[in-house]
């Protein structure tokens, strides 16, 4: 959530940053500023009325103490004025409460501000390529799409999964299930060795958690909700792991806090009709290892780069060709102030596809979730910065392996680093 004080003091600058996100200028600060002025006017009036009410209470006490008859005209007039003030105050209170509620609702609809260093752009076409890695590992043969080789190997069940659930669900069997499990364990082991503390969080989460990380209220239609409880299926482990610290104050000496977590993830994929209808790229349920950091604002940028490196390390260990993109303002995620996407090479389509999105959210999520830090010897608290990224999306990693490691005889070589997990060299 954005800082209302910052909006109030620098409305033109904040509006300009929001406009960088949207060519249609869909984010208008005017309704917030109007309500903020009304609320502050009411607050000022209420303060004056309360001061006068307190003054009258003291006057009545002083006069009665001095021996003036409580039924005297003077005291009765003061009591009448005091009652009138209480009536006015009682009428102002719900007005102010309503305005505060409306301001908060409007603030929750606003995305994070792009950093000054985020490239300007309108869409993904304007994202900036930072680097490529692994050209020497590009396949030398023509390969089949990952879903076709998986079905030929008998490791992927689509029709039976659809029978159980609906479209965009799959079942992995035999070596496919083993490869998925091996990838999860390998990814977790790598990140634990990099200093992340593993968490197994709930995957059913409440609305406060989704609001804290920015999925609610704006993106409710993209998540699955339980019909009888205030519980949602987690779209990413970023949500429950970040919310472990909701409404808490951490000591500065504890930072950075670094967690990795494997969870199944659930997304309705609203608006993706007709896209990636086959294979492992776009599913309603998929597995992912997530990286989450809570960091000091002063180290935020360096910690972000480190998180990107941690995600890249998985692709490098697997020897999968990829590229790193810095997202432009028009393609930036709702909660991010700066973001790098890792895209892995899928040779069957001749394209790079996103496999990790590494975001620096600044204090945006921390303000929504009320996660603060306290420094020794300093008064007050400040909001932490939160970072998150996939380390990695497991299904998409499997898709990349099935394509990049295909052999001319129709088998798939197991990457060297996964062979100790799978106890085999060939699928």
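Every residue number used here counts from 1 along the chain in the order it is shown.
Each Cβ is built from the backbone N, Cα and C atoms, and glycine gets one as well.
Binding of L-serine is attributed by Swiss-Prot to 236, 237, 238, 290, and within the candidate set 167, 356, 357, 390 the record adds 390 to that site. Closest to residue 269 (ATP binding site) in space, going by CA atoms and restricting to the binding-site residues 236, 237, 238, 290, 390, is 236. Residues 267, 268, 269, 354, 355, 356, 357 are the ones the record ties to ATP, and the longest Cα gap between any two of them is 19 Å. Among the binding-site residues 267, 355, 356, the ones whose Cα sits within 10 Å of the Cα of residue 236 (L-serine binding site) are 267.
In the structure as shown, the Cβ atom of residue 267 (ATP binding site) sits within 10 Å of 20 other Cβ atoms. Cβ proximity to the L-serine site centre (mean Cβ of 236, 237, 238, 290, 390, cutoff 8 Å) flags the following additional same-chain residues: 239, 241, 261, 263, 265, 288, 289, 291, 292, 388, 389.
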